[in-house]
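Working notes for the structure below.
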């Protein structure tokens, strides 16, 4: 049978080693930015979050860019400072048709075959405009094909295209809205 004193010392040594490993892991994680804080300007974990919460790395408010943000008094959780390092690449620039001389979006060409920058998806890419990967939040597969092989597991946006007036009219003829259904059935139009 082992000595109880030896077991106690051994147990303390194991606990101390585990604590050192835990601290090392936390210090290692602290070098990464919190993707929730960077993308949304807030993190539910608050001070207990093991990642860095840097207000300079928070995503730019898209409503502010359009001039429609009502929280100009400093209560907006997003940044109202336009910084090229935090901006996605201008989709019009990539198509060669951006005519806005004051365009706040990044005008950097990256290869069509380039993968999406994982750091940018987390909210901040330290490479900024020097990065050779795509700084976009829109899923390239969905943008090309209208479907994404990753489905709901995809971290990127899957925006639905707006219907043009002619398409809406054609859609109204084939599938009338509920408030017009009675008129549709009575007149056959």
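Cβ coordinates come from backbone N, Cα and C, glycine included.
Listed in TrEMBL:
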- 28-56: zinc finger (ZN_FING)
- 28-56: domain 'C3H1-type' (DOMAIN)
- 60-83: zinc finger (ZN_FING)
- 60-83: domain 'C3H1-type' (DOMAIN)
- 84-110: zinc finger (ZN_FING)
- 84-110: domain 'C3H1-type' (DOMAIN)
- 111-138: zinc finger (ZN_FING)
- 111-138: domain 'C3H1-type' (DOMAIN)
- 139-161: zinc finger (ZN_FING)
- 139-161: domain 'C3H1-type' (DOMAIN)
- 160-189: region 'Disordered' (REGION)
- 166-189: compositional bias 'Basic and acidic residues' (COMPBIAS)
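For the domain 'C3H1-type' (28-56), the neighbouring stretch richest in Cβ pairs under 8 Å, chosen from 84-110, 111-138, 139-161, is 111-138. For the domain 'C3H1-type' (60-83), the list of distant contacts is 40-42, 104: same-chain residues at least six beyond its ends, Cβ to Cβ under 8 Å. Remote same-chain residues near the domain 'C3H1-type' (111-138) are listed as 32-39, 54, 57-59, 84-89, 91, 155-159 (criterion: CB distance under 8 Å, separation of at least six residues from the stretch ends). Note on the zinc finger (84-110): residues 57-60, 65, 120, 124-125, 128-129, 131-138 of its chain, located 6 or more positions outside it, place their CB under 8 angstroms from a CB of the stretch. Over the zinc finger (28-56) the predicted model carries a mean pLDDT of 82.
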